[in-house]
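According to TrEMBL, the protein has these features:
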type	residues	note
DOMAIN	28-266	domain 'Rhodopsin'
TRANSMEM	12-32	transmembrane segment
TRANSMEM	44-69	transmembrane segment
TRANSMEM	89-114	transmembrane segment
TRANSMEM	121-142	transmembrane segment
TRANSMEM	162-189	transmembrane segment
TRANSMEM	201-220	transmembrane segment
TRANSMEM	240-260	transmembrane segment
Amino acid sequence: MYFVGRNGPLIMAVMWVETLIALAFVAARIYTRTRLIRNIFLEDHLITISMVLFFGYTILCTVATLNGMGSHAADLGLPQTVKAVKWEIAGQCFNIMAIATSKSSVAVFLIRIVNRKLHTWLLCFCIFSTTFVCVSCIVFMFTQCTPLESIFNPTIPHTCYINFTANAIFSGSYTTAMDFVLAIFPWFILWKLKMKRKERLTIAFGLSLGVFAGICGIVRAVELRGIAGKADYTYLTMPLILWGSTELLVCIMCASIPVLRPLYKKVRGTASSSVQYELGDARSRSLGTNTKGTTKSGYLTSSVSQRLSGAFGNQPNSTSSLRGSSTNIIMAGGQENLSDDNIMLRDIPGRLESGLGRGIQMTREVEISYK
């Protein structure tokens with residue numbers, strides 16, 4: 001028997017609207033990667049997993065709402081309350097894991113940009129620590145009391161070993177801190193890259209939306225006090241459900257916006273741009289393996305379509321210039337470049353060596369000058 005309380009329609013409407021908005025961003029992201037860039041990366045898989053978990057969260061909370069979630073416990077019978085709480089807690093598991101995977105997607109995206117080991121280790125720490133905290137929260141949720149049924153039905157005699165409310169508040173606070181770290185961190189690393197100002201700002205502002213995810217996390221941590229109010233759990237946790245959904249939406253949006261720039265450029269009809277990067281010693285060596293003498297940090301200057309044609313199957317339309325090498329590799333192929341992955345030079349040498357890409361490989365000697 002279904003029972004939708006007065007807050008039930010609000011819960012379902014907000015969650016499904018936010019889920020569909022997130023789906024639109026993820027669909028646009030996957031289209032950009034598969035049709036324009038023609039490459040799928042680890043962060044794309046992570047954000048897709050986040051979207052699947054988001055759907056699971058929304059569906060389970062919808063079932064909980066149909067069983068009375070959002071209503072006062074006094075208006076529900078005990079069997080109805082137990083059903084609602086059981087479905088809602090199951091949904092929270094999906095939400096917690098989706099938060100972990102969405103934040104990991106942002107961190108993996110940044111790992112492919114940074115060129116310092118310290119930054120890489122910091123981002124790896126964010127990934128593993130956030131995942132550990134989220135998984136631990138789920139484990140503690142189901143092991144806080146015995147028997148297990150008492151989690152859904154507090155009228156059953158039980159013994160609790162863990163203060164889950166305190167643990168949940170800690171978990172929410174920690175993931176919120178990670179939101180702020182991942183939102184602020186790009187401004188430090190992108191500022192040192194030689195790239196178009198517009199592209200740098202697009203990525204930085206997109207990832208900075210994580211600040212709003214952090215704000216949602218703060219509100220959600222405050223609302224976690226509803227977990228302790230088991231006497232009216234079905235009513236008190238309504239804000240927790242909605243803020244959890246909003247936080248997840250913002251996480252998916254801020255992870256996807258920087259990736260959507262090629263799609264935006266296609267819509268605007270500006271399919272190519274020029275970018276200048278400053279490369280460190282390691283990347284200079286990786287791009288010029290036949291160098292004689294010592295290769296110093298220099299600039300790789302070319303149009304995007306020329307420089308990344310081998311990696312993404314695009315037509316070359318300008319010459320390249322490398323400082324510190326006597327040989328350069330260019331490729332020809334499919335369509336005009338639309339890739340935002342021109343900032344991810346770490347992947348280029350591997351793709352050139354392995355022959356990946358859809359273009360025709362050519363080797364051309366270019367003139368080298370040192371400054």
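Just so it is clear, glycine is given a Cβ too, placed from its N, Cα and C backbone atoms.
What TrEMBL says about a protein is an automatic prediction, not a curated fact.
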Contact set, same chain, for the transmembrane segment (240-260): CB under 8 Å, 6 or more residues outside the stretch: 11, 14-15, 18-19, 21-22, 25-26, 28-29, 32-33, 43-44, 47, 50-51, 54, 57-58, 61, 69, 88, 91-92, 95, 98-99, 102-103, 105-106, 109, 179, 183, 202-203, 205-210, 212-213, 216-217, 219-220, 223-224, 226-227, 340
Spatial neighbours of the transmembrane segment (44-69) far in sequence, C-beta under 8 Å, 6+ residues away: 2-5, 8, 11-12, 15-16, 19, 22-23, 26, 29-30, 33, 75-76, 80-81, 83-88, 90-92, 94-95, 97-98, 101-102, 104-105, 108, 234, 237-238, 241, 244-245, 248-249, 251-252, 255-256, 259
Long-range environment of the transmembrane segment (89-114) - Cβ separation under 8 angstroms, sequence gap at least 6: 41-44, 46-47, 49-50, 53-54, 56-61, 64, 120, 123-124, 126-127, 130-131, 133-135, 137-138, 141, 151-152, 171, 175, 178-179, 182, 185-186, 189-190, 193, 207, 210, 241, 244-245, 247-248, 251-252, 254-255, 258-259, 343-344, 346-347
Averaged pLDDT score, the domain 'Rhodopsin' (28-266): 87
